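Written below as structure tokens is the structure these notes are about.
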Amino acid sequence: MASEFKKKLFWRAVVAEFLAMTLFVFISIGSALGFKYPVGNNQTAVQDNVKVSLAFGLSIATLAQSVGHISGAHLNPAVTLGLLLSCQISIFRALMYIIAQCVGAIVATAILSGITSSLPGNSLGRNDLADGVNSGQGLGIEIIGTLQLVLCVLATTDRRRRDLGGSAPLAIGLSVALGHLLAIDYTGCGINPARSFGSAVITHNFSNHWIFWVGPFIGGALAVLIYDFILAPRSSDFTDRVKVWTSGQVEEYDLDADDINSRVEMKPK
């Protein structure tokens, strides 16, 4: 922890998470204003769902490309938790990232509140359960939506892979859009605790808010379990890997594989 605390690059990464999260929330929630969440019996029109989903997905893809080389562009506490459990970042980095993400979301939502105060029924994108959706169902939707997102992040950023092509930020952005297409009509789609937290703070309404922390965190943890221990298990000892939690982020890796079909292993230099 001490080694990261003293590095300018670390604090630049924290600032990058804050700035990118501020832009993400402003752009994405700004696109959704005018649509009242949670939706009622008369659900939002398909074209509205697509517009909002694309805004969330494209903003993540754009900002991931912009700051990915600085902070990794987590922009989501569930993603940060997933990478922590995957032993790719330290506990200190995860904590500072989550704080930066939450503060960025609050700042962005506060700015939006001032700009859009005249909009009728302005919920500032606050997440809540739709009519007829109970807390268990909403929790399940948030778990599944976040699971597929964090699974995509782990797979598209896996440095052991030699078959990766295309754009990882675009793939992750599409995963975010997919999650929204699934969840908008049920929960307004959280799958990002910081984004949900910003709206709850500014509107002073924390109704069912726990769902939008517990669901994404469970989904993120399940994604790590599935990817790191079932789909693409790592051969290195787990007790060695968890040293990253206190020593700092792993930045360089040795790739050990005979061919593209062999299982490869990530080993910190």
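Every residue, even glycine, has its Cβ placed from backbone N, Cα and C.
Sequence annotations record features per position, and here Swiss-Prot assigns topological domain 'Cytoplasmic' to 1-11 (among others). For the topological domain 'Cytoplasmic' (1-11), the residues of the chain that approach it from at least six positions outside its boundaries are 90-93, 246-249, judged by C-beta separation under 8 angstroms.
Taken from Swiss-Prot, the feature transmembrane segment applies to 12-29 (among others). Outside the transmembrane segment (12-29), and at least 6 residues removed from its termini, the chain residues within Cβ reach (under 8 Å) are 52, 55-56, 59-60, 63, 66-67, 70-75, 93, 96-97, 100-101, 103-105, 107-109, 111-112, 124-125, 194-195, 198-199.
The topological domain 'Extracellular' annotation in Swiss-Prot covers 30-46 (among others).
Marked as N-linked glycosylation site by Swiss-Prot: Asn42 (among others).
Under the heading transmembrane segment, Swiss-Prot lists 47-65 (among others).
The intramembrane segment feature in Swiss-Prot is assigned to 69-82 (among others); the stated evidence is similarity to another entry.
Secondary structure of the topological domain 'Cytoplasmic' (83-90), assigned with DSSP and counted as helix (H, G, I), strand (E, B) and coil, comes to 3 helix, 0 strand, 5 coil. Residues or ranges marked as topological domain 'Cytoplasmic' by Swiss-Prot: 83-90 (among others).
Residues 1, 4-5, 10, 13-15, 17-26, 29, 71, 74-77, 80-81, 83-84, 124-125, 193-195, 197-199, 201-202, 245-246, 248-249 of the same chain, all 6+ positions outside the transmembrane segment (91-109), place their C-beta atoms under 8 angstroms from a C-beta of that stretch. Positions annotated as transmembrane segment by Swiss-Prot: 91-109 (among others).
According to Swiss-Prot, the topological domain 'Extracellular' annotation covers 110-133 (among others), on the basis of a curator's inference.
What Swiss-Prot records for 134-153 (among others) is transmembrane segment, and it gives similarity to another entry as the kind of evidence. Within the same chain, residues 76, 78-79, 82-83, 171-172, 175-176, 178-180, 182-183, 186-187, 189-191, 208, 211-212, 214-216, 218-220, 222-224, 226-227 sit at least 6 positions outside the transmembrane segment (134-153) and bring their C-beta atoms closer than 8 Å to a C-beta of that stretch.
Under the heading topological domain 'Cytoplasmic', Swiss-Prot lists 154-163 (among others).
The transmembrane segment annotation in Swiss-Prot covers 164-181 (among others), and the record cites similarity to another entry as its basis.
Per Swiss-Prot, topological domain 'Extracellular' is recorded for 182-186 (among others), and the stated evidence type is a curator's inference. A mean pLDDT of 94 is what the model gives for the topological domain 'Extracellular' (182-186).
Listed by sequence, the residues of this chain that lie at least six past the ends of the intramembrane segment (187-199) yet keep a Cβ under 8 A from its Cβ atoms are 21, 24-25, 28-29, 37-39, 56, 75-78, 98, 101-102, 104-109, 123-130, 133, 138, 141-142, 145-146, 149, 176, 179-180, 209, 211-213, 215-217, 219. Taken from Swiss-Prot, the feature intramembrane segment covers 187-199 (among others), and the record attributes it to similarity to another entry.
Within the chain carrying the topological domain 'Extracellular' (200-206), a Cβ under 8 angstroms from the stretch's Cβ atoms is held by residues 106, 109-110, 113, 123-124, 126-128, all 6 or more beyond its ends. Marked as topological domain 'Extracellular' by Swiss-Prot: 200-206 (among others).
Annotation source Swiss-Prot lists N-linked glycosylation site at Asn205 (among others), citing sequence analysis. Neighbour list (Asn205 (N-linked glycosylation site), Cβ cut-off 8 Å, at least 6 residues apart, same chain): Arg126, Asp128. DSSP classifies Asn205 (N-linked glycosylation site) as coil under the three-state reduction.
Here the transmembrane segment (207-224) has long-range neighbours at 76-79, 81-82, 85-86, 127-129, 135, 138-151, 153-154, 187, 190-193, 196-197, 200, meaning same-chain residues at least 6 beyond its ends whose C-beta is under 8 angstroms from one of its own. Below 8 angstroms of C-beta separation, residues 1, 4, 72, 74, 97, 153-154, 220-221, 224, 227-228, 238, 241-242, 244-250 of the same chain, each at least six residues beyond the ends of the topological domain 'Cytoplasmic' (83-90), sit close to that stretch.
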